[in-house]
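Q: Dropping a structure here in C-alpha cells format, bear with me for questions.
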There are 4 protein chains.
Amino acid sequence: MHAAKPLPSYLINRYKSWKTTTYLENEAWFRRLATEGQHPRAMVIACCDSRVNAISLFGAEQGEFFMHRNIASLVPPFNPDGEYHGTSAAVEYAVTGLGVAHIIVLGHSNCGGVAGCHDMCAGTAPQLEEKTSFVGRWMDILRPGYDRVKDIDDEASRRRALEKEAVVISLENLTGFPFIAEALDSGLLSLHGLWTDIEEGGLEHYVPETGFQPV
Amino acid sequence: MHAAKPLPSYLINRYKSWKTTTYLENEAWFRRLATEGQHPRAMVIACCDSRVNAISLFGAEQGEFFMHRNIASLVPPFNPDGEYHGTSAAVEYAVTGLGVAHIIVLGHSNCGGVAGCHDMCAGTAPQLEEKTSFVGRWMDILRPGYDRVKDIDDEASRRRALEKEAVVISLENLTGFPFIAEALDSGLLSLHGLWTDIEEGGLEHYVPETGFQPV
Amino acid sequence: MHAAKPLPSYLINRYKSWKTTTYLENEAWFRRLATEGQHPRAMVIACCDSRVNAISLFGAEQGEFFMHRNIASLVPPFNPDGEYHGTSAAVEYAVTGLGVAHIIVLGHSNCGGVAGCHDMCAGTAPQLEEKTSFVGRWMDILRPGYDRVKDIDDEASRRRALEKEAVVISLENLTGFPFIAEALDSGLLSLHGLWTDIEEGGLEHYVPETGFQPV
Amino acid sequence: MHAAKPLPSYLINRYKSWKTTTYLENEAWFRRLATEGQHPRAMVIACCDSRVNAISLFGAEQGEFFMHRNIASLVPPFNPDGEYHGTSAAVEYAVTGLGVAHIIVLGHSNCGGVAGCHDMCAGTAPQLEEKTSFVGRWMDILRPGYDRVKDIDDEASRRRALEKEAVVISLENLTGFPFIAEALDSGLLSLHGLWTDIEEGGLEHYVPETGFQPV
C-alpha cells in the first residue's frame with residue numbers, strides 16, 4: 001500500500017494531549033473496558049456529517065453508545081442475500097451480540113445526503129440516477145419517503161420533511177429484521193427516532209401518533 | 001411505526017445540558033456551519049465500538065471530521081453494481097462532494113468484529129459462515145487478511161495482527177476507487193492507517209515500509 | 001525598486017526545512033485549501049508584538065484563524081470615509097466575505113503601543129502628540145480608555161488596566177460596524193476579548209458583567 | 001459591551017495544553033522577553049489569510065518576528081495626515097522603536113484581496129468601487145499595480161502577476177517613508193519581497209533586476 005502516509009503532526013500532538021488528560025483520568029475504566037468488553041446501553045445510528053456529534057449531544061462516555069454512522073443515518077431493508085451489508089451487520093452485532101436496550105436513529109437538518117435524494121427524485125440531479133453513483137444508490141433507500149412528502153408546496157418544508165422521513169423509514173426498516181422484531185416483542189429493545197436542528201441546536205423525537213415533537 | 005418510543009428522560013436531560021453549555025458557547029459556529037455548510041478537513045473511518053471515540057482522541061471540533069463508523073472500520077472493494085453500499089457512498093461523498101484532504105482508517109484492539117472474522121476463518125465459528133449472517137458476510141472483506149496472519153503461532157499476536165490487517169486491507173480497497181486514485185495522484189488526498197490500543201491508550205500509524213509504528 | 005534584497009540564507013534554509021516537513025505532511029490539505037478556498041472559524045485581531053503568537057497559543061492549524069495583527073490589536077471606530085482603513089477592511093472581509101463565527105481580540109501584557117498611549121495621555125511623551133507620529137495617531141483610538149483608568153494610583157496597575165481597555169474599546173468599536181451588529185443580532189457571530197500575560201503565560205477573557213477573568 | 005462572550009471551551013482546552021507544553025519549556029525565555037522587552041530581528045508584513053503562516057514557514061520563535069498582517073500584505077503610501085494609519089504605525093514602531101534589521105513583505109497565491117482588486121479594476125466587481133467598501137478602498141493601494149499587468153492575456157497569469165505587484169508596490173511605498181529611506185541609506189535596514197504558493201508550498205523572492213525568482 002504505497003499511498004499511506006504517517007499521521008500529520010498536529011493530530012499526533014492532539015492525541016498526546018488526550019493521552020495525558022482523558023486517557024489518564026479514565027485509565028481504570030479503559031482497562032476494564034478492554035479486559036471485560038463493552039456493554040453499551042444504546043446503539044446510535046447517525047449521519048457522517050461533521051456538524052452532528054451524538055456523543056457530545058448526549059454527553060455519552062466511553063462504553064455507552066455503539067455508534068454506526070453513515071450517509072443520512074439510513075437503514076436499508078432486511079435483505080440477507082450474502083452480500084456486504086455494513087449497516088445490517090452493525091445492527092445485528094448490536095442487538096444479537098451486545099444486547100443493546102435502545103436503537104436511536106438520529107437525523108438532522110441541512111443533510112447533504114437527503115438533499116441529494118430530494119433533487120434526484122425531483123429530477124434535478126440526474127447524475128445521482130446513474131448506476132455508478134454510490135451516493136445515489138444509497139439514497140434509493142429513501143425514495144419511498146419522497147413519495148410521502150412530494151406534495152408539500154414549500155421547498156424548504158419539503159426538504160425538512162424528507163429529513164424526518166429518513167428517520168421514519170429507517171425505523172420501519174429496522175422492524176423488518178427478525179431479530180429486532182423479536183427483541184421488541186420481548187420488551188428487550190426499544191426504538192427511538194430523533195431529528196436535530198444544527199442551526200438552533202433543537203432536538204425532536206418521533207412519536208408515532210403525532211409525528212416529531214420537541215423533546 | 002408502532003414500535004418507536006419517546007426518548008428516555010436521562011437522555012433528554014443530558015441533551016438540555018448540552019444545549020445550555022456546548023451549543024450556547026458555540027452557537028455562532030453552529031449557525032455558520034448550518035448556513036454555509038461543512039468543510040471537514042478529514043474523513044475518519046472508525047469502528048462502531050463504544051470504547052473508541054476518534055473525535056475525543058484527536059480533540060476534534062464540530063465541522064472537523066466527517067465520520068463513518070461501521071463494524072471493524074472496513075472498506076469493501078470498489079463494486080458499483082447498483083446495490084446499497086453505505087461505506088462506498090460515504091467515501092464518495094467525502095472525496096468528491098466535500099473534498100476532504102485526508103482519509104484516516106482507525107482500527108483498534110479488542111475488536112469484536114475482527115475476533116469474529118478470526119474465528120470464522122479458523123473454523124470455530126460456523127454460524128458466521130451462514131449466508132444469513134450479516135456480520136459474517138461483512139467480515140468476508142477481511143478474509144484476505146486472515147491468510148496473511150494465519151501462520152502466526154501465538155493466538156493473541158495473530159488476533160492483533162488481524163486487527164491491523166483490517167486497516168491495511170481497507171487502505172488497499174480505498175485505492176481501488178477511481179476517484180480516490182485520482183485525488184491521490186493529484187496530491188489532493190492522503191490516506192492514513194491507525195490502530196489504537198484501548199487498554200493502554202496507545203496509538204500506532206501505518207508506515208508502508210515498516211508496518212505499524214507508535215506515533 | 002533598488003532597495004529590495006534576496007532573502008538571507010538562514011531564512012531560506014528554514015523555509016526548506018518547512019517544505020520537507022510541515023508542507024509535506026500537510027500537502028493534501030494545502031492543496032485543498034488552495035483549490036477550495038479558506039473557511040476559517042475565527043478572526044483573531046492581535047498585536048504585532050513578536051512575543052505573542054495566537055496561532056501557537058491556541059494550537060491552530062492552517063486554515064483555522066484569519067489573523068489581523070496591528071499595534072495594540074486596536075479596532076478604530078466605523079468610519080467609511082473612502083480612505084485606507086486596513087483594520088476595517090480586514091474585519092469586513094472576515095465577516096461579510098468569509099463568514100467567520102468568532103472575532104477574538106487579543107491584548108497582552110508589556111504592550112509597547114499601549115505604554116506609548118499611556119505616556120502620551122499622561123503628558124510624558126510629547127513626541128507622540130505630533131501630527132506626523134503614526135504611532136501616536138494610531139494610539140488615539142485608545143484615548144477614551146485612558147480616561148477610564150487615569151485615576152488608578154498605582155502606575156503598573158494603571159498600565160495594565162489600559163492594556164485591557166484596549167481590548168474593550170476594540171470590542172465596542174466592532175459593534176459599531178453595521179455588518180457586525182447584524183451578524184451579532186442573527187447569532188452568526190460572537191465577539192470575545194482576551195488578554196494574555198507574556199511573563200506568566202496567563203490568559204484572561206472579558207466577561208461584561210465582571211470584567212477580565214482567568215479562563 | 002453587552003455582546004462579548006467567554007471563550008469557547010475548546011480554545012480554553014487548547015490554551016491549557018499550550019501552557020503545559022510550549023510555555024513551560026520556554027518559560028525562562030518568556031520571562032526574559034517580558035522583563036527585558038522584545039528585540040525582533042525582522043518585521044514581516046503578511047496577509048491575514050488563514051492559509052499562510054509566516055511564523056511556521058520560517059520556523060520563527062517567540063521574539064523573532066514583529067508581525068503585521070492585513071488584507072493582501074499592503075503598505076499604503078507615506079501620508080502623515082493625522083488620521084489612523086495602522087500599517088504605517090506598525091512600520092514606524094518596528095523601524096524607529098524596535099530597530100528591526102529586515103522588513104519582509106510576504107504575498108501569496110489565491111489571495112482573495114488581490115482577486116477583488118483585479119475584478120474591481122477590470123470592471124466586474126462594481127460593489128467594490130463604492131465609497132463604503134472598506135475592502136475596495138483598501139485595495140485602491142494596488143490600483144497602480146493593475147495598470148502594470150492588465151495587458152497580460154491569460155487571466156490566471158494576470159492575477160498571479162497582480163499578487164506579485166502587491167509586494168512590489170508595498171516595497172516601493174515603504175521606501176517613501178523618510179525613516180525607512182534613512183535606515184536603508186545607513187545600511188541598518190534591508191527590504192525583502194516574497195511570494196508563496198499555497199498549493200505547491202513554493203517560495204519566490206523579489207530580485208529587482210530579474211523579478212521574482214524561486215529561493
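Including glycine, each Cβ sits where the backbone N, Cα and C put it.
Checked TrEMBL, it gives:
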- A:C47, A:D49, A:H108, A:C111: Zn(2+) binding site (BINDING)
Q: Determine, from DSSP, whether A:D49 (Zn(2+) binding site) sits in helix, strand or coil.
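A: Assignment for A:D49 (Zn(2+) binding site) reads coil.
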Q: Note down the number of other Cβ atoms within 10 Å of the Cβ of A:D49 (Zn(2+) binding site), including every protein chain shown.
A: 27
Q: For each of A:C47, A:H108, A:C111, count the other CB atoms within 10 A of its CB; which of these binding-site residues has the top count?
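A: The most densely surrounded of these binding-site residues is A:C47.
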Q: Which ones, out of the binding-site residues A:C47, A:D49, A:C111, lie near enough to chain B that their C-beta is under 8 angstroms from one of its C-beta atoms?
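A: From A:C47, A:D49, A:C111, flagged as close to B: A:D49.
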Q: Using DSSP with the three-state reduction, classify A:H108 (Zn(2+) binding site) as helix, strand or coil.
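A: It is in a strand.
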Q: Would you list, in sequence order, the residues of this chain other than A:C47, A:D49, A:H108, A:C111 that have their CB within 8 A of the centroid of the site's CB atoms, where the site is the one recorded for Zn(2+)?
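A: Along the chain, the qualifying residues are A:A46, A:C48, A:R51, A:V52, A:A72, A:S73, A:G107, A:S109, A:N110, A:G112, A:G113, A:V114, A:E163, A:I198.
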